[in-house]
Structure formats: structure tokens, C-alpha cells
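Below is one structure, written out as C-alpha cells; the observations come after it.
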Amino acid sequence: MAEVDESTKPLFAGLSDVSISEDIPVEGEISVPVDSPTQDDEYSTLDEPVKETILRDLKAVGKKFVHVLYPKKSTALLRDWDLWGPLLLCVTLALMLQRSSTDSKEDGGPQFAEVFVLIWFGSVVITLNSKLLGGTISFFQSLCVLGYCILPLTVAMIICRLVLLGSEGIVSFIIRFIVVIVSFGWSTFASTAFLADSQPPNRKALVVYPIFLFYFVISWMILTFAPSSSSSTKTVGH
Amino acid sequence: MTARKMASPHDFSFQEFEEAAELLSANPDASTHSTARLENVNVGMNMEDDEDAQEETEMLTRQKKNFKFWSFEYYQSFFNIDTFQVLDRIKGSVLPLPGRSFVKHHLRNNPDLYGPFWICATLALIMAISGNVSTFLNESGDSNYHYSPQFHKVTVACVIIYCYAWLVPLGLWGFLQWRTNQSRSLSNYSFLETVSTYGYSLFIYIPAAVLCVIPEGWVHWLIFLLATVVSGSVLIFTFWPILSDDTRVAALSTMVAIIVLHLLLAVCCKFYFFPITQQPLPLTTTAASLVNVTASAPKAHAV
């Protein structure tokens, strides 16, 4: 211990003699830059125009939509997760599914809040389930995937609403049924393609089943969406 | 070595326990069964399988309880289950055999929460959906009927099913725990095993609810009766072995309470989710015609 003190003492002693003057080359800038950051400072996104920021995020969201529509086992959806897309899809779906104010209070479809809570709470529960069963995916990555895979169902909802504008009979029901079934299968397949790899192999079915149930419930809500008719007569079942 | 062989059986069994415990502490994930067996190959006295398995499971459950309840691993230990195990348990709940306790034969000291949780969720959803479809098929001939998804029934179904499947086992376990403390001859299942049994016993109601889409009153009653018999017998065969150690009166009354609660659940669900409006009886014909008249009057106004 004494040796260390002796060897360091001369170093420290010598340092006090050094003075920074012009003839000693000192590296780096010690003067504070006064003017605004130049073009070299490309990592700061604080000063870019707002349009650029929004477009960049929208492009990321759009790219992920394309990944969902053509699901391959790519990790792009998992790597740069974001929750903007799920929020957008969830709000759109909930807005379209909510019952109108002329419907009776008791019966009828779900409210906006009910759909919203169902989607987010359902996603959280499924993510917790997969983590408890030993999955290696992170919490927000899983939320991101589950939210993005609602896209086919949102498209189906839009199609159903358009079909319902036309007619309300048995033909429209068959068309809506086929559209909802196809999009339900698409959603489940897409989310399984992204999430299945992160699970232990002998528990894959245990993880896929809640996802299946989740999209089944959303499909059911889309299929049974009935626009309120003008004659709000007594509805059955109180 | 020869000196040890001359030792009494009790000393020898204690020896095995110590060695296995040491091995377990060295490598917590290893199963103690095979290594313990290898050490005592030439025992000569046929070690009962039950005792061996019991020690192994005691050590494993002790290992489970070592996690703190605020750590994630504690809850992960309740989901330590594979697909084929879940399927095997579901099969056991659908085909109850007398003498085969669900806890002993299927749970085998590894109760899980995956089955109860997702079976309850599926059951609540299927009952609400199936009830909705059944009502629609029943009333579609009625011109006054306007289809509605009845989404609030899903919430009600969730509350009923989850309360039944989690609070009733809690009450039963608490009651049995109290009886166990009173008399020494009783033993009790753990709370998780009770919840698991109740959760898996509800599985038979899922296909029953799907079949109840058929909008006939007698079909509903028949299906619900069959499902209650199957589900109730799972509970009976599981709980009777530990109840029978108690006094006759207490055992019978507890069993009756279990069955009555189960029946109550089935009947309430039947009435709430699958209401079948009967053909109007002569007493109510005038009331029905009054309703029709008053209903059509505002319709005429609206048009």
C-alpha cells in the first residue's frame, strides 16, 4: 500500500506545475459553441420541421402494416416496436363498433370504452400469459404485435359497414360472415407467425389459444354489429 | 458400508433424504428421483414407491415456496405446465371415474392456474355468445324482435364464473383447513389444488353451452343436467376421500353444500343466458295481445 502512494505522489505533484498555454497542444474544443447546431448534428431531431417527424413515424407505422398484411417470419415488427399503430387501430375499431345513442341503454353493442378496454386489457393478459409460460418476448413487443395484427379485423369492419349501408338481409350477412372469418384467420395467422418463435416448443398451443380467443371475441363483435333501426321496439332479453 | 446396512430402516430412509437434499441444493433444477435411486441400488429392502415419491414432491414443493411472492418467478411456478398435461387434465375432468381423485391422478402435485383461468374466460364468453345466438334463433320468427348483441351479458358472465371458480374454492379450502386444525385425522388439499379442481371441472360446460344453441327448452335442461352430473361427479370423487375422514354429519353436509352450489350455478346460468319464452298460456294470452297492440301503436306513429 505504501508503494502505491509513493508512485502516485510524484505524478500528482507534477500535475500542479502544468499550466495550459498556447504552446502545449490540447485536443478538443474547449470553447462553447455559440451558434446553432450545424448540419453535422444529425442525431438531434428536436429542430426538424414537424411534418418530417410525423411523416417518419407514419412511415414506420405504414411499414409495419405491410408486414402484417404479408406476414413472414421477420423480426422488423419486433425490433422497433411502437404503440402508435395499435392505438390508431384500436380507436378506429372502437369508434366504428360503439352503439349509437338511440339504442336502449341495456341491450345493444359495446360502448367505445368497453371495446377500448377489451382490446388493451386483453392484450396485456395475453402478454402476461405468454411471459408466465416462459416466453422470451418482451412485454411491449408483444403488445405491439397483438395490436398491429388487429389491422385485418379493422379492414373487415370497414367492409362490413359499407355492406350494411347497402342491404341488411341474409345476403349481406353471408358476405359479412365470410369477410370476418377470412380476416379472423389472417389476424391469428399473422400474430402466430410473429409470436410463436419466442415460446418454448411444448407450450406453443397454450400460448396460441388465448390469442385465438382474443381475435374470436373481436370478430364476434364485428359480425354482430347491428346498426340501430328507427323502430326501437322491445328488445328481447333484459 | 456393512454397518450401515445393519441399521434400522428408519435411519436408512433418513440417510437417503439427506443425500438427495444435498444434491438438490447443489442443482435446484435436477429431479431427485433418479440420483437417489442410483445411490441406493443394493438396498435390498424394497423402498415403497409412495414414500419415495412423497419425499421428492415434498422437496419440490418446498423449492416452489422459496420464491418470494412479489417476484415474477413465484407466479411463473403456477404456470409450469405443458400442452399435453393440460389436455390430459381436461380429459380427466370430462371422464370422471369413481375412485380416481382428480387431484391425485391428474394434478399430481403440480396444480396450475392456466387451466382454471382460461377455462373460465372461455366459458363466460361461450355462454354469452351461445345465449345470444339461441335467443336470436328462438325469437327470429317474432316480427317485433330486433336483434341486439347484448354485450352486457359478457360482463355478467365473467363476474359470475370467476366469482364461482375462485371464491367457492376459497371458502371450501378455508372450511376444510379449519376442520383439519380441529381433528388430527384429516388432511387437506392446498388452495391451488382446490382452485385447479374447480376450474377444470367447469370445462364440460363449454361444449354444453355450445350445444345449447338449439333453441328448445327441454334440450337446454337435458344438456345442463348431464353437464352438472359429470362436473359434480369430478368434485365428488375428488373431495370425498378427504371428507370421509371427518364425522359423518360434517362430511355429508359439506358434500351436499358443494353439490347444491354447483347446481345453483348451472340453474342460474340456464335462466339468465338461455331464457326460453314459453308458448303463451291461456292466463297470459290477453296480456300478450295487449303487449302486441301497444307495441304496434308507436310503430305506426314512427312510420
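Cβ coordinates come from backbone N, Cα and C, glycine included.
Per TrEMBL, the feature domain 'Yip1' maps to A:70-221.
For A:81-100 (among others), the entry in TrEMBL reads transmembrane segment.
Here TrEMBL flags A:112-133 (among others) as transmembrane segment. Only residues 6 or more beyond the boundaries of the transmembrane segment (A:112-133), in the same chain, are considered here, and those with a CB under 8 A from a CB of the stretch are 86, 90-91, 93-95, 97-98, 139, 142-143, 146-147, 150, 195, 198-200, 203, 206-207, 210-211, 214, 217-218, 221.
Within its own chain, the transmembrane segment (A:145-164) has Cβ neighbours under 8 Å at 64-65, 67-69, 77-78, 81, 83, 85-87, 89-90, 92-93, 96-97, 119, 123, 126-127, 172, 175-176, 179-180, 182-184, 186-188, 190-191, 194-195, 211, 214-215, 218-219, 222-223, 225, 227, counting only residues six or more beyond its boundaries. Marked as transmembrane segment by TrEMBL: A:145-164 (among others).
Under the heading transmembrane segment, TrEMBL lists A:170-195 (among others).
For A:207-226 (among others), the entry in TrEMBL reads transmembrane segment.
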Long-range Cβ contacts under 8 Å made by the transmembrane segment (A:170-195), restricted to residues 6 or more beyond its ends, are 68, 71-73, 77-78, 130, 135, 137, 142, 145-146, 149-153, 155-156, 159-160, 163-164, 207-208, 211-212, 215-216, 219, 222-223
For the transmembrane segment (A:81-100), the distant same-chain contacts (Cβ-Cβ under 8 Å, at least six residues beyond its ends) come to 57, 60-61, 64-65, 108-113, 115-116, 119-120, 123, 140-141, 143-148, 150-151, 153-154, 157-158, 161, 218, 221-222, 225, 227-228
Please give the average pLDDT for the domain 'Yip1' (A:70-221) in this predicted model. 85
